[in-house]
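Asks: Let me begin by handing over the structure; questions about it come next.
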Amino acid sequence: MQQLDDQARPPFSPEVEQLLKAFHAQTPIRAWSMIITIFGDCVMPRGGTLWLGSLTRIMEAIDIGPGVVRTAMSRLAADNWLDRSKVGRNSYYRLTDKGAETFKGATRRIYFETTRSWDGQWIIGFLASGSDRATRREELLGRGYGAIAPNVVVRPYTGVLPDSDPQNCVFSTIDGLGPNAWTLAEQGWPLEKISEGYHEFLEHYRAIDEALVSGQSFSQLESLIIRIMLIHDFRRLVLRDPLLPPSALPKNWPGDAARQLSARIYHRVMEASEMWLDSRAEGEYGPLPAPDFDFYRRFNAL
């Protein structure tokens, strides 16, 4: 099976062509980020290793050429996101421990996050001064905290208080703020911008959703592209979203609608996309193994 197709990709349905057109309208397209999406969504549940030729075939279907892929892979390897192994003339890649742990954290937020109960309390963290304060602050922001001052971060308290370290950050809780909760949330996170992103996402995938709901079928490769593009776009949104409890959000928050749409589309293209991976994708030891148990639980909480 280790032979790449020489012919150009077949024409896709108008809905899929529109997805690709919108993707390539972005500047820059960030091929490396798309590769991380592919490894996290498609490869990690199936053994974790992918032949470069299989990746190239997928990326060519997204209209990203081999030269761009090689450049992106070199960057990801240099930045310790991917490990490479060689068997003969073939190169195989897997996420490093750093890459795998990062995507595991993202996996819960993308596929398994549900609305949490909340009593109105907040965690408040006070960052210690020092040369690494900015780094520590960015790390906390990446874990869902919002910054209300250069040295103060907050997030809803849901039962677990992080350990304090006087050299880095001291955490405490504050009582609920009642009607002021949304004001604090608006100060700590760019909620308006996040909301706009969700609305654009919903509009962007509306045609795909309507086609699938109406019973339109897509090819295995089209289904894989829809799935990859969907998670690529949803991932970027949900990782910026603090996933605040409903009482701390503006009315008619679009995040839930975006998650429900993602679940509908993902479940409808899952089988066909997996069939493409079964027959066309290879790892270091041949065809990719079957997906693990957690793969089939994705979006099932909705």
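Here the Cβ of each residue, glycine as well, is placed from N, Cα and C on the backbone.
Annotation source TrEMBL lists domain 'Transcriptional repressor PaaX-like N-terminal' at 30-99. The domain 'Transcriptional repressor PaaX-like C-terminal' annotation in TrEMBL covers 189-278.
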Asks: Report the DSSP secondary-structure composition of the domain 'Transcriptional repressor PaaX-like N-terminal' (30-99) as helix, strand and coil residue counts.
Replies: 42 helix, 15 strand, 13 coil
Asks: In this predicted model, what is the average pLDDT of the domain 'Transcriptional repressor PaaX-like N-terminal' (30-99)?
Replies: 96
